[in-house]
Amino acid sequence: MSLNLADIRLEYSKKELSPEDCLPDAVAQFEIWLNEAIAAQVPEPTAMNLAAIGADGRPSSRIVLLKGVEDGQLLFYTNYQSRKGQALEANPYVALNFFWPELERQVRIEGKAARVAPEVSDAYFASRPYTSRLGAWASEQSREIASKATLVTRAAMFGARYPINVPRPPHWGGFAVVPDRVEFWQGRPSRLHDRVLYTLQPDGGWSRSRLAP
């Protein structure tokens, strides 16, 4: 079957963006855009594409949820034994992408990921719903399983083991991404999009520049 995709396109025209309109700090500017996405009721505004490269040199990507912005770092949580967890142990450099089509915007972030302190992971894990905490024990993430029944059986087993308080599994926790390159993209007519790039400087400040679309 052949698909005709050539004529599928939208014309973007909602807003403009220039380096002069942006805050000096890239993460502060990101928080403004994130809050605007939340206020606009964009579905899953914290969903981001996380791309990583494993020890085999192969890239992989998936959607994960941003769970915090603290001290200039972006936090997310996962199973450390999953494919992405193992990739980040082998190569900590990542690329993140947020796409908010309702606002005709995307944000591209590059940086280095590192595990957060255990107490930070403990605090977030304790805030999760009971069934989600059980799922962190039941799912041997990214490993092949015989059937869905295997997963259901494991969830029931851990539910019996932890009927009330579910401790955080040692193989589950957070990563914090320290960004060094952040690009803000605003869709514009005729594909003449606005792109503003922040680059981290040796003194900890950020430079801003406009990129060709």
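Cβ coordinates are placed from backbone N, Cα and C, and glycine is handled just like the others.
Taken from Swiss-Prot as is:
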type    : residues                                                                         : note
BINDING : ARG9, LEU10, GLU11, TYR12, LYS67, TYR124, ARG128, SER132, ARG191, LEU192, HIS193 : substrate binding site
BINDING : 62-67, 77-78, 83-84, GLN106, 141-142, TRP185, ARG195                             : FMN binding site
* Which three-state DSSP class does ARG191 (substrate binding site) fall into? -> helix
* Asked: Rounded to a whole number, how many Å is the Cα of GLU11 (substrate binding site) away from the Cα of SER142 (FMN binding site)?
  -> 39
* Counting across all protein chains shown, how many other Cβ atoms sit within 10 Å of the Cβ of ARG128 (substrate binding site)? -> 16
* Structure fact -> Rounded Cα distance, in Å, between ARG62 (FMN binding site) and ARG128 (substrate binding site) is 21
* **Where ARG83 (FMN binding site) sits in the secondary structure, as DSSP reduces it to three classes** => helix
* Asked: Compared by Cα position, which of the binding-site residues VAL64, TYR77, ARG83, SER142 is the closest one to ARG128 (substrate binding site)?
  -> TYR77
* Within 10 Å of the Cβ of LYS67 (substrate binding site), how many other Cβ atoms can you find? Include all protein chains, please. => 15
* Reduced DSSP assignment, SER142 (FMN binding site) -> coil
